[in-house]
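All remarks here apply to the structure that follows.
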Amino acid sequence: MRRSFYASSTENTPMMMTQARVLSTGTTDNGTIRYDEVDETKRWFNRRFCFLTVIGIAVLLLAMVVIVVIVLLLTQLKAANSNAQNAMSSSKVQLEELTRKLSQPLEQLGPTLERLSNMPGFPMGPSPTTQTPPGVPPISPIVTGPNTTPESPRRSPKARYEWKGCQNLGKCELSGYTKPPLVILSLDGFAREYVDRNIVQTLNHIADCGVKADKVYPSYPSKTFPNHYSIVTGLWPESHGITDNSVFDPTISPVLESMKSTKYEKFFEGEPIWSVYKRKTGKKANCLFWVGCAYNNSGYAPDVAPAYNQELPFRNRIDTVVEWLKLPVDERPGLITAYLHEPDNAGHYQVDEEDVDEKLAEIDENLDYLMSRLSEEKLLECINFAILSDHGMQLIDKTYYFQDYLDLKGLITAKGVVGRVYINDTTISVNDVVDKFRCKIDTVKTNTRSDVPTRKHYSRDPRVGEVLLEGRAGVTFYKSKADDYELSGDHGYDYFNPKMHTIFYARGPSFKQNTTISPYQNIQYMNLWMNLLGIEGAVETNGTIGFFDNILTNPPRRDNPTNVIGECPMIAFPSVLKCSGNVSAETLNQLSVKLTNCAFSPTNIPLYSDNHCFQNYCDNSVIVSRKGNDARRAIIEVLSRDEASNPSNFTFLNAKYQSNCPSHIPTGSLTIRQNSQLSSMVDERIDVPNNFLLKVLDPLQAKSMEYLNKFGKMYVISGTATDINHDGIADSNGSVITHIYRIMLICNSTWLLMNPPLCTDSDSMDTLSFIFPITEQSTIDCMSSDDILLDYTATIFDVERISGFQFGIGALSQNQNTIIRRKISTKLW
């Protein structure tokens with residue numbers, strides 16, 4: 001066994017054999033060690049030890065270097081991590097600030113950033129426990145595969161509404177805003193029913209500090225271009241020329257022109273608000289995509305009106321409006337009209353309601369952004385701001401094609417839920433076209449300009465077409481299958497359809513707080529705009545001045561008219577002048593006594609006119625023209641269910657006003673209670689075609705008696721009118737009767753007075769009015785009696801226009817009378 005060289009000689013000597021000596025030559029002899037041999041060994045050891053020492057020191061130094069490097073790296077990493085966190089935090093703040101301040105919002109960065117913002121850890125997106133600043137849009141993650149994550153509830157708002165609250169209402173902190181600018185923002189196709197989905201909560205917060213409409217009726221037809229132009233002119237489509245989205249007028253163009261792209265300014269009639277404002281004040285008006293802004297038909301175009309660009313994000317549009325409002329006072333527009341094309345587009349192409357709901361959520365976010373920006377810029381309390389819409393939306397489930405029913409040669413057809421036919425060939429008559437449709441298609445009404453209900457105000461202008469088709473809700477018309485857009489939703493229907501109803505919200509220093517106005521039609525807006533801009537009455541409109549007084553903080557004082565209709569000139573003492581029939585002398589004497597007894601009793605007719613007078617028949621009155629040779633009459637009846645019946649078969653006049661009976665006594669009757677002696681007045685008689693008598697007049701009388709029995713008392717005005725050109729306005733020559741009308745008033749509380757009519761609670765007064773064109777043939781042939789009556793309802797204002805007098809109750813305020821006169825009835829009692 002080999003021993004270690006480090007063993008001592010003393011220890012090892014006894015174990016060595018005597019013969020084993022180390023010779024100087026390197027051999028052993030007898031156990032003796034040679035010293036030269038030992039020195040060599042030491043030298044070898046020393047050399048090896050030094051080498052190992054050097055290696056060890058080197059390894060140690062290397063280890064120390066590694067440790068130092070690791071420590072330095074750890075220190076650097078820690079510092080880098082801290083810097084990174086600070087940088088991320090700083091970037092987040094900067095990006096959030098940029099989002100609020102830059103005129104190019106996040107939407108311009110594209111859908112990718114919008115979707116990334118909500119990804120966990122992404123610096124722009126809100127963390128689960130961190131609120132994002134106002135104005136920053138919530139952004140969804142990009143989904144590259146099937147989305148298995150359930151959506152959040154549709155009605156959970158993403159907006160923050162940090163601007164809401166009324167604590168600073170009317171307190172403008174900026175200088176140069178003594179006259180508040182007016183901003184009108186339209187949300188195309190925002191139906192009244194969308195409000196009830198409770199998604200666009202920004203509107204609720206606006207109403208808390210301002211005003212809202214219960215609902216708004218569009219003008220007929222409820223299409224985008226006609227209604228947007230009605231909103232800024234105060235005129236019905238038949239009066240401002242934009243009768244639909246597409247219009248044919250051979251005096252302007254030989255083809256059906258789209259109002260989206262037409263080059264002809266002549267289509268746009270009437271004077272829009274921006275023109276009136278500039279003309280009357282000399283101040284600036286800017287327009288962002290509103291219908292008509294691109295056409296200078298009056299000589300006063302908007303100062304700024306960019307070309308329409310549907311791709312421009314809503315945030316950019318909002319920022320544009322805000323930047324306009326921030327301009328110096330001499331550059332700032334006093335009027336801004338702005339347009340957003342949603343949710344109309346979503347409604348047209350919706351697969352289900354969720355598609356519209358999603359767009360409503362986006363609208364809420366954008367409106368919240370708008371209000372936040374106005375608040376941040378301290379503009380919110382310095383401007384009058386209105387949000388409104390033009391129409392609603394209806395799902396489509398049935399389509400008819402003109403070519404399936406007509407030879408289209410010589411005809412021009414216009415698509416839509418109101419199908420229109422223009423006759424462009426003089427050899428084709430209106431009846432030729434009408435006969436192809438009238439009562440041929442179930443639930444489709446066929447009208448001509450002569451029998452369109454007056455309330456629609458869609459017959460004055462030939463641009464409406466010669467024949468109009470309108471089906472039930474859900475029906476639409478196209479020229480052919482090839483022309484069918486296959487829309488899932490559309491609009492244009494009669495405003496009776498609740499899905500066509502729309503919205504109005506407003507706030508600002510000129511508006512009351514938390515106030516709701518009763519329903520109205522959008523032609524009323526123009527008078528509101530002129531009032532807010534200080535130019536009230538600058539142009540005539542189809543609306544009524546003062547309609548919005550009850551939502552304004554400082555409405556002007558208004559009085560009722562003073563030209564109450566007076567009594568007709570007396571030519572003799574009251575007595576009965578018999579004209580036809582058989583009657584006893586005793587009966588005539590009793591009736592003469594009755595006329596004498598009431599002849600000088602106070603009579604207050606709730607009508608205003610300089611051109612009419614009344615003839616007193618006690619509980620009845622006859623309204624006639626002061627001009628001679630005028631066949632038009634109006635009969636006022638004060639009716640009670642408990643009045644005794646007294647049938648008669650004669651006719652008479654009151655000799656107090658007339659000395660001669662007419663040569664012809666008509667057989668029809670305008671009075672409701674036809675079993676009384678006073679119903680035998682000659683002036684209440686009328687001749688009408690048999691079909692009209694059966695389909696209109698008889699059902700009207702029966703329904704009126706039904707109402708009298710139901711409500712107990714009624715105040716009724718029935719009359720005849722002349723409107724040969726179908727413009728809804730009384731003709732100057734009244735020799736030919738073309739229409740009949742009726743106004744019925746009841747009290748849902750109790751009557752304070754019957755003559756003139758007055759309820760103990762003025763808000764409980766209800767009215768129902770009708771105007772019927774007198775025709776032998778019309779679409780009524782295929783309608784039920786109630787459908788006919790409802791279709792031909794009208795406002796009192798409509799009756800005023802076609803009769804020539806104005807209605808008003810002296811005991812009511814001008815605004816109360818205005819609300820009654822403009823009330824639209826969408827159902828029978």
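Each residue, glycine too, has its Cβ placed from N, Cα and C.
Here is what Swiss-Prot says about this protein:
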TRANSMEM  54-74  transmembrane segment
ACT_SITE  THR224  active site, nucleophile
CARBOHYD  ASN296  N-linked glycosylation site
CARBOHYD  ASN424  N-linked glycosylation site
DISULFID  CYS439-CYS782  disulfide bond
CARBOHYD  ASN514  N-linked glycosylation site
CARBOHYD  ASN542  N-linked glycosylation site
CARBOHYD  ASN582  N-linked glycosylation site
CARBOHYD  ASN649  N-linked glycosylation site
CARBOHYD  ASN733  N-linked glycosylation site
CARBOHYD  ASN748  N-linked glycosylation site
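Structure coloured by features recorded in Swiss-Prot.
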{"residue": "THR224", "record": "active site, nucleophile", "DSSP class": "helix"}
{"residue": "ASN296", "record": "N-linked glycosylation site", "DSSP class": "coil"}
{"residue": "ASN424", "record": "N-linked glycosylation site", "DSSP class": "coil"}
{"residue": "CYS439", "record": "disulfide bond", "DSSP class": "coil"}
{"residue": "ASN542", "record": "N-linked glycosylation site", "DSSP class": "coil"}
{"residue": "ASN582", "record": "N-linked glycosylation site", "DSSP class": "coil"}
{"residue": "ASN649", "record": "N-linked glycosylation site", "DSSP class": "coil"}
{"residue": "ASN733", "record": "N-linked glycosylation site", "DSSP class": "coil"}
{"residue": "ASN748", "record": "N-linked glycosylation site", "DSSP class": "coil"}
{"residue": "CYS782", "record": "disulfide bond", "DSSP class": "helix"}
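The recorded positions near ASN582 (N-linked glycosylation site), taking a 10 angstroms Cα-Cα threshold over the set ASN424, CYS439, ASN649, CYS782, are ASN649. Rounded to a whole value, the Cα-Cα separation of ASN542 (N-linked glycosylation site) and THR224 (active site, nucleophile) is 19 Å.
Separating the Cα atoms of ASN733 (N-linked glycosylation site) and CYS439 (disulfide bond) is a whole-number distance of 35 Å.
With respect to their backbone Cα atoms, THR224 (active site, nucleophile) and ASN649 (N-linked glycosylation site) stand 55 Å from each other.
Distance noted between the C-alpha atoms of ASN649 (N-linked glycosylation site) and ASN424 (N-linked glycosylation site) is 52 Å. Calculated from their C-alpha atoms, the gap between ASN424 (N-linked glycosylation site) and CYS439 (disulfide bond) amounts to 24 Å.
In this view, the densest Cβ surroundings among the recorded positions THR224, ASN514, ASN582 belong to THR224, judged by other Cβ atoms lying within 10 Å. On a Cα basis, ASN748 (N-linked glycosylation site) lies 39 Å away from CYS439 (disulfide bond).
DSSP assigns ASN514 (N-linked glycosylation site) to coil in the three-state reduction, outside any helix or strand.
All protein chains shown were included, and the count of other CB atoms within 10 Å of the CB of ASN296 (N-linked glycosylation site) stands at 14. Listed in sequence order, the residues of the same chain lying 6 or more apart from CYS782 (disulfide bond) and placing their CB within less than 8 Å of its CB are ARG438, CYS439. Cα of ASN514 (N-linked glycosylation site) to Cα of ASN748 (N-linked glycosylation site): a distance of 27 Å.
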